[in-house]
Ligand SMILES: NC(=O)c1ccc[n+]([C@@H]2O[C@H](COP(=O)([O-])OP(=O)(O)OC[C@H]3O[C@@H](n4cnc5c(N)ncnc54)[C@H](O)[C@@H]3O)[C@@H](O)[C@H]2O)c1
Ligand SMILES: NC(=O)c1ccc[n+]([C@@H]2O[C@H](COP(=O)([O-])OP(=O)(O)OC[C@H]3O[C@@H](n4cnc5c(N)ncnc54)[C@H](O)[C@@H]3O)[C@@H](O)[C@H]2O)c1
């Protein structure tokens with residue numbers, strides 16, 4: 001497989017207003033697929049890896065080329081099917097149907113584990129789609145900066161009276177997602193010490209100014225943190241080291257951070273987590289030649305790592321799992337109280353999900369940053385009274401450079417999303433924007449994921465593992481006319497632990513698009529409100545009533 | 001739950017031409033839901049159980065009533081979502097979207113087992129949908145007769161030039177499913193000797209004319225078989241005895257059947273299989289008082305039974321496992337070459353699946369048998385050269401009584417299904433039929449199931465467990481405009497072992513329906529051809545080329 005996956009060429013999405021396909025509805029997935037592999041966006045584009053361990057945009061380079069060719073010839077009443085990153089069929093549908101339907105990494109439950117996945121992967125039969133990698137709506141680290149920022153802000157509200165000045169956050173991992181942590185912390189007013197084993201990852205964050213300093217010495221890192229917190233300065237440092245060594249060492253020294261979390265890729269014990277005592281080079285090599293040995297050593301180290309997090313928690317430090325499934329592994333390795341500290345969703349995000357609020361995002365197909373700035377202004381105009389939202393938009397513009405096609409994310413919910421979508425479509429229609437906009441979201445959203453160790457951890461009614469919901473979400477988005485829809489397995493927390501769906505809709509300025517946007521950007525967050533109302537959350541039940549949702553078995557009408 | 005699930009009332013679907021809803025597209029699911037619970041169709045309708053253990057049509061009676069109420073008020077641009085038998089939401093879509101979208105029994109893989117299901121079920125959070133129970137397209141026992149008939153016919157094609165006249169089939173078991181064997185064999189033109197240990201089971205099949213004769217004597221049974229095969233007469237006999245005695249005795253005598261199979265309930269070694277040397281009464285008693293002893297003795301007998309089947313196989317007799325797991329038990333008992341003979345899907349059904357051929361079925365919403373007889377005639381008219389198909393239609397009309405709404409099943413593939421659908425729609429339009437027809441299929445079909453112990457056993461490329469395929473099938477049927485679409489987990493082989501999708505389309509006589517039928521009844525079987533072509537089956541690759549499918553990553557265009 002290696003050769004079919006490796007290619008030295010660089011992919012850049014087309015920009016501007018000339019079509020490479022027969023319409024904007026096929027140009028949009030074409031540009032967004034290529035944007036996922038843009039050298040400034042993807043973690044390892046030559047291997048087709050976008051982010052999150054081995055989350056890929058296409059199964060092989062040959063498949064990538066065939067997807068592109070298929071999109072170029074696709075008619076506006078045809079639909080392309082993509083199966084684990086391979087374009088398997090083009091079928092006649094109709095103009096209100098999605099142009100692309102995607103299913104990635106799905107396995108019959110009894111075989112839904114990494115061993116079987118890797119066995120298939122070796123045969124060329126599989127691809128790990130993560131969440132937005134295989135569904136072509138990754139926009140670089142801005143998405144995660146916003147999510148992490150919201151999480152840290154909420155933690156600050158709950159534990160430090162809304163003021164993180166002079167506080168510091170300990171974490172691990174500066175990869176595709178984790179790299180957002182120091183910047184999000186600083187935006188939230190806190191300092192950050194991030195342990196990263198791969199110097200290249202740290203250097204990349206330094207170059208893009210997501211982290212302020214780098215060191216190989218724990219003592220030096222602690223000295224910086226001490227100095228900054230004392231001065232009330234919000235700054236961040238990357239410490240090159242192994243989190244499984246550093247976290248316990250801090251516990252041993254009695255050092256107490258103000259918040260502890262982790263974003264190593266623990267969900268993938270072969271490719272995502274450096275075992276203690278190994279060099280990065282040894283690890284990468286052995287992951288190819290002896291994956292079993294890597295997995296065993298990595299899992300043992302995760303247990304040590306989580307033990308330290310439990311120790312911080314027991315010492316009164318707000319500690320949270322940031323969705324990498326590390327508690328699960330530690331528990332399987334025999335750490336009984338691995339789940340002592342909570343996941344970030346039940347702790348901080350669920351109240352937002354109850355109102356359909358989640359990681360709404362959009363991208364300017366023109367490639368012109370001005371298009372995004374104009375939409376930023378439109379959001380402020382349409383949602384005038386939300387200081388928090390306005391503050392985010394200002395900071396994002398100031399501190400986050402665009403990667404690949406210019407994009408914006410902001411967390412908005414049911415009742416707002418379709419208003420923004422219709423307004424953007426109008427701006428495309430009138431020529432205010434240079435080219436169409438695509439609107440999508442993470443699979444980590446209100447109605448689109450079942451993941452008992454993360455997004456649906458500790459649901460009020462115990463329905464954590466029921467995955468009817470994301471499947472219904474995907475079917476409904478397909479029925480509502482999204483431009484592409486995806487169903488994935490194993491994103492975020494790894495094989496066996498999640499099922500989730502994605503959707504993207506293209507605002508091409510047409511009146512057909514108005515109708516589709518009105519349905520999709522209402523129905524999609526509404527399924528999230530429905531799912532949480534069914535589980536008995538008051539906020540969701542009230543939101544459903546306020547918004548006039550028709551939920552027969554839930555609201556009893 | 002029991003009370004919310006039990007109700008003494010009998011449900012009968014409305015018949016005739018008066019609507020109870022706002023259109024035929026909502027009347028159709030209403031009638032088919034009710035038909036699934038018709039006293040002549042369902043196994044335990046008062047508990048909402050349709051078939052297959054606890055396969056239900058709705059979660060509770062309250063949910064049933066709410067589904068009915070929702071369908072009555074549903075508009076033709078709205079879609080009802082059903083989550084594990086509960087109507088959870090009504091959303092605005094458009095006229096070419098499905099009217100109902102269903103997800104039943106789906107669980108995140110790591111929790112996808114019977115224990116967790118029962119835990120949720122007790123809390124009122126789950127429903128087992130089986131395949132066609134929760135997706136409202138079960139039509140009674142006609143389905144298993146047809147499936148068995150097709151299996152025997154395909155065996156006849158492969159081994160006897162398509163002519164089973166003068167041939168005979170040896171089998172065991174005349175239970176709920178196995179009882180279809182003698183009738184299916186006779187319909188296929190063969191004689192059948194079925195060994196059944198429980199005289200009551202044999203007597204039931206005699207009464208319903210599924211078997212022709214009964215005897216306690218092997219010599220007499222062989223005399224009958226000899227006489228019938230010589231005369232070219234297709235007849236069947238039930239031999240009261242133990243298959244583990246009779247099969248080896250036949251081997252010893254050098255008797256050579258033309259096909260050998262078995263449908264004792266070997267999958268359940270305590271309650272399903274009579275050990276050698278035991279009476280049925282002893283067996284039933286000990287199954288209660290000393291299940292371990294029964295299991296031990298039954299497993300030992302199965303080894304003897306399978307040894308005889310392997311002997312037949314080695315003697316050149318086509319021998320097949322009919323999905324009761326008896327080879328697995330024999331292997332565990334030390335019979336090394338227990339898997340010498342194949343399972344029925346890889347041996348006989350897969351070549352059909354490769355051409356998109358599967359359990360296509362339709363139902364007359366009028367309730368009038370004449371409507372089905374007219375469609376029978378239409379099928380013969382449109383497919384004039386298929387003697388096999390004509391034979392089935394004649395025999396089915398003659399020997400199988402309708403249960404609930406009149407229905408027909410026949411196995412047809414890509415290229416035929418949409419032609420039949422369009423013709424039926426035309427017959428509705430012209431008034432030749434009294435009311436609309438619905439067309440659906442089992443989830444056990446070419447492109448709609450991933451089930452590594454049954455439908456996708458031993459796939460050529462090892463992709464048995466890849467479930468992207470049924471998910472894409474459901475998404476594409478949704479995008480193509482099926483009237484309702486479903487995604488289930490655990491049908492047939494139980495929790496954790498399968499994922500599958502269903503679809504039903506209503507022929508209401510309109511031109512809109514023509515367009516939808518043309519897409520859905522082409523695309524649906526085409527996904528099956530695609531899935532098998534991707535796995536490398538020549539028949540499927542050739543079929544895809546002949547039918548002009550556009551499969552970029554598979555056919556390389
Ligand atoms: N719930 C969420 O919303 C959410 C968001 C972001 C990320 N995550 C999860 O967080 C994890 C990280 O995501 P990512 O995209 O950044 O992954 P990634 O693979 O790009 O980055 C992981 C980083 O961790 C480093 N690392 C691995 N082992 C280490 C160790 N022992 N000590 C120190 N550093 C180590 C790697 O070198 C790499 O830079 C994933 O498991 C992901 O699923 C969850
Ligand atoms: N794969 C498929 O599509 C498929 C289809 C039908 C049946 N099956 C399998 O076939 C088996 C039978 O199904 P069923 O619904 O008819 O089960 P059932 O339990 O209703 O019937 C089994 C019959 O076998 C008889 N029997 C048991 N031990 C015997 C012995 N030693 N000798 C002779 N007769 C014996 C019993 O008396 C009973 O009548 C099951 O294992 C089922 O899973 C699979």
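Glycine too: its Cβ is placed from the backbone N, Cα and C atoms.
TrEMBL does not curate its annotations; it predicts them automatically.
Database features (TrEMBL):
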type	residues	note
DOMAIN	B:15-137	domain 'Urocanase N-terminal'
BINDING	B:52-53, B:130, B:176-178, B:196, B:242-243, B:263-267, B:273-274, B:322, B:492	NAD(+) binding site
DOMAIN	B:140-348	domain 'Urocanase Rossmann-like'
DOMAIN	B:351-545	domain 'Urocanase C-terminal'
ACT_SITE	B:410	active site
Mean predicted confidence [pLDDT] for the domain 'Urocanase Rossmann-like' (B:140-348):
95
DSSP helix/strand/coil residue counts for the domain 'Urocanase N-terminal' (B:15-137):
41 helix, 25 strand, 57 coil
For a Cβ distance below 6 Å to any atom of ligand 2, name the recorded positions from B:52, B:176, B:196, B:410 that qualify, or say none.
B:176, B:196
Residue, out of the recorded positions B:266, B:410, whose Cβ gathers the largest set of other Cβ atoms within 10 Å:
B:266
For residue B:274 (NAD(+) binding site), what is the tally of other C-beta atoms lying within 10 angstroms of its C-beta?
26
Pairwise CA distance, residue B:52 (NAD(+) binding site) versus the residue listed as 'active site', rounded so that it is a whole Å:
21
What is the separation, in Å, between the Cα atoms of residue B:176 (NAD(+) binding site) and residue B:410 (active site)?
21
Pop the Cα-Cα gap between residue B:266 (NAD(+) binding site) and the residue listed as 'active site' into the table, whole Å please.
29
Just how many other Cβ atoms lie inside 10 Å of the Cβ on residue B:263 (NAD(+) binding site)?
25
Which residue, out of the binding-site residues B:52, B:176, shows the minimum number of other Cβ atoms inside 10 Å of its Cβ in this structure?
B:176
Among all the protein chains here, how many other CB atoms are within 10 A of the CB of residue B:196 (NAD(+) binding site)?
29
Going by DSSP, give the three-state secondary structure for residue B:263 (NAD(+) binding site).
coil
